[in-house]
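Undergrad: Okay, here's the structure, questions in a sec.
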Amino acid sequence: MGARDYGAALEALSSLITKRSRGDGTNRGDSFDLMPRYLQVAGLDEPLSKLSIIHVAGTKGKGSTCTFSESILGECGYKTGLFTSPHLIDVRERFKVNRANVSEHVFLKHFWWCWDQFKMNVGIDMPMPTYFRFLTLLAFKIFIEEKVDVAILEVGLGGRFDATNVVRTPTVCGITSLGYDHMEILGYTLPEIAGEKAGIFKQGIPAFTVAQQKEAMDVLQKKASELDIRLQVVSPLTEQLLNGSQLSMEGEHQLSNGALAVALCHCWAHRRNEKKHLAMFDDAMSKGYLPEPYIKGLISAQLLGRAQQIQDQAVKGLSFFLDGAHSPESMEVCGRWFCVAVHKANCTSERELHATDMSNEQLDAHAANKGGSSIFKIHKTDGTSKRVLLFNCMPQRDPTVLLPRLINTCDNHGFPFHHAMFVPGLSSYTQVTVDLPSATKDGSSENEDLSWENSIQKVYDSLPQSQSGAEKQNKTSELFGGVRSCVVPSLPAALDLLRQYCHDHSSHKLQVLVTGSLHLVGDVLRMLKK
């Protein structure tokens, strides 16, 4: 084989990507029953059994919960390993040691070792592991060789047949909020989906979850009972527990994710008999709040592309609000976060911000009683602030379900969009990473098929228009010709349009919500970085 640099590793990884869905039984290399054999071939089965693991499944909040857990235990002085998915810019984002992406040197050393082990042993009965299987095995190798104290594993898809579920003896398991996603693989009812997620439960291993809908909770409790597990349900964090501090990741839902992380970390320390850690925890809780390292971990944790705000450095007045929401429930959560974030951004002073700040409960109360007066309303700066939706979703998802949840949430809370753009993604789903593509003069890639984007636009345009003040302003607005939406042939072209508007209207601000797909969020982050 030729050069074994980073580019060669990414090319090799790309060759493992199939067009079939993970969990599709027609793909032998993606068959779960091969995972123990892959462990044996790589000599990872015995060392993996000795690795201390926190295993987390769920529909929403897996990444946040894992990131909170990593941050807490890192602040407590432990050497942490974190495996999450997907990556947004660089595949090394999936593998963190001590809260940092592994270096290229470490990645390449373990990557090529694993690659060689599998290549030497492949055959008809055991093909090369597919993309996500390989990445999971690579994560095990990295964490074992780097001698982490704790490995935190985020399930990729489902639970029962996920590659991470080859772990037989985790220290503790967690289930985040459940909802409807990947239904073509996991099932079309909440009990079916809950059953797949509960597949990570192991005999006698403690498990924690957050509040769930009854039909989902019943399945989780039944599965836990069968395995002699006491499934514990955590309550959201409170301001008192955080000793007046605020979580680094915004949104009311993060209080539940943070609480689950706290429970997982405390249980991990208990099962490891970390006496100093437990004494610290008990001492702080006796005073009514979490230990300082827990609070520091919760207020410093960061997750790329989730409730993230970025100012465009190329032009004044252009702000991006990025969130990789792609399920009906998460679209609503994203809309709530966007409304609060825009509200804060539009306040003209700290005094005004505190005078008009609202909790999510107050926000919802306002939405339920829109006719009355409210301190949560369009501020004087809003006349120059225009909200734009930049959206795409994978063809496996249904925009007729996703878009109404987002649009109605923003409309009801008084922050409707003035315009929506629908764009194709840059990323190829058959390779690990891409450079920005060459483009034609209008910024579009040649022969771009925009039929999917056109169909999403039709869904958006069919939704009832808000009658709020901001939408009435839009009818006389010069924003992109006053049209409600458009399909832009490429993401670079969309960014050019947004920047050109801000250049031509220097007194205006554009607040752009990027959502619907983590791939789209990653593409935007990559472009802004360049």
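Every residue, even glycine, has its Cβ placed from backbone N, Cα and C.
Annotations for this protein, taken from TrEMBL, read as follows:
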type    : residues              : note
BINDING : Ser85, Glu154, His182 : Mg(2+) binding site
BINDING : Arg306, Asp323        : ATP binding site
Undergrad: Between the Cα atoms of Glu154 (Mg(2+) binding site) and Asp323 (ATP binding site), find the distance and write it as a whole number of Å.
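TA: So the Cα of Asp323 (ATP binding site) lies 18 Å away from that of Glu154 (Mg(2+) binding site).
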Undergrad: For the C-alpha pair, I'd like the distance in angstrom between Asp323 (ATP binding site) and Ser85 (Mg(2+) binding site), rounded off.
TA: 15
Undergrad: Between Arg306 (ATP binding site) and Ser85 (Mg(2+) binding site), how many Å separate their Cα atoms?
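TA: Counting only the Cα atoms, the answer is 13 Å.
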Undergrad: If you draw a 10 Å sphere around the Cβ of Ser85 (Mg(2+) binding site), how many other Cβ atoms fall inside it, taking every protein chain shown into account?
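TA: I get 19 for this one.
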